[in-house]
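K.L.:
Quick one: structure below, then a few questions.
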Amino acid sequence: MISPSFRKGMLKERVMDLASQTTILPLLFGCLGIFSLFRLLQRIRSKAYLRNAVVVVTGATSGLGRECAKVFHAAGAKLVLCGRNVKALEELSRELAGSSQGQTHQPFVVTFDLADPGTIAAAAAEILQCFGYVDVLINNAGISYRGTISDTIVDVDRKVMEINYFGPVALTKALLPSMVERKQGHIVAISSIQGKISIPFRSAYSASKHATQAFFDCLRAEMEEANIKVTVISPGYIHTNLSVNAVTADGSRYGALDKNTAQGRSAAEVAQDVFDAVGKKKKDVLLTDFVPSMAVYIRTLAPGLFFRIMASRARKERKSKSS
């Protein structure tokens, strides 16, 4: 037989549980509401910062660059679209102009090849002629690589470095004096998680992104007094044609959408993250899932473990290719 005191205790416990639930749930929803409001206010501030800003996007014909162009245009930015394919750039310019809702800024198109150092000075001059100045430079264009170090000809290493590192550096240096003169500007480098950690069979690509990270970190420190912001963005895998267009050990096109790239985030999502990072004037942004993010910390805090993991990955990948 249950005693009255026991029943009273059970009833009291249930009442306390109910009270705690009625207290916690509103508190939880309140916190979520405050967080959502905070994110909304940040996005409004980002749009205000970038409205009417002159934004240059390299590699704008496809993938992340194309999506960045859409996001920044929708926010009211004045765009300069850069790339090699003039037809694709002009089509994008018309598409953006046609999608405008009260937007009056017709995007300009400037064609040049980052792999050709001789074209960059003239391209920078043409970019400056579009609106007279540049507020934001997004160094997005790049090329990926697949291959073993032992089989890769050095011309491939040079090509990847030219497009991913020397080209963006040259363009940045060409546009930098006008920013310094105005005491205003924002330079964005689209790097990669592979600019922070190195994985097997990506040597040329990873080396170019490590160089990118180092250069723009130095630039950030040197340009602080000139009021020029520098943001390095390091995404993980993005579902684009980057792997399809990657160069291989002998210089030929890889021509395949590999599994990790196919499972990557959409370019539209990452472009929105790029927009937010620029609007918030962030310095260094890692856009990856939990495991790659942890790999960055493991590389720093437990390098021996990281090296063993990468060696194991290399063995598995080599075995899968030979089977």
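Just so you know, glycine gets a Cβ as well, placed from its N, Cα and C.
Owing to the predicted nature of the structure, the values given are computational and were not obtained by experimental measurement.
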K.L.:
Can you match one of THR172, THR240 to the NAD(+) site that Swiss-Prot gives for SER62, LEU64, TYR205, LYS209?
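P.N.:
Candidate listed by Swiss-Prot for the same site: THR240.
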K.L.:
Which is it, of 18-38, 39-59, 270-290, that Swiss-Prot names as transmembrane segment?
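P.N.:
Feature transmembrane segment in Swiss-Prot: residues 18-38.
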K.L.:
Could you round the CA separation between LYS209 (NAD(+) binding site) and SER192 (substrate binding site) to a whole angstrom and send it over?
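P.N.:
One finds 6 Å between the Cα atoms of these residues.
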K.L.:
How big is the gap, in Å, between the Cα of SER192 (substrate binding site) and that of TYR205 (NAD(+) binding site), rounded to a whole number?
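P.N.:
Given the Cα positions, SER192 (substrate binding site) is 9 Å from TYR205 (NAD(+) binding site).
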K.L.:
What does DSSP say about SER62 (NAD(+) binding site): helix, strand or coil?
P.N.:
coil
K.L.:
When the number of other CB atoms within 10 A of each residue's CB is tallied over all shown chains, which of the binding-site residues SER62, SER192, THR240 has the maximum?
P.N.:
SER192
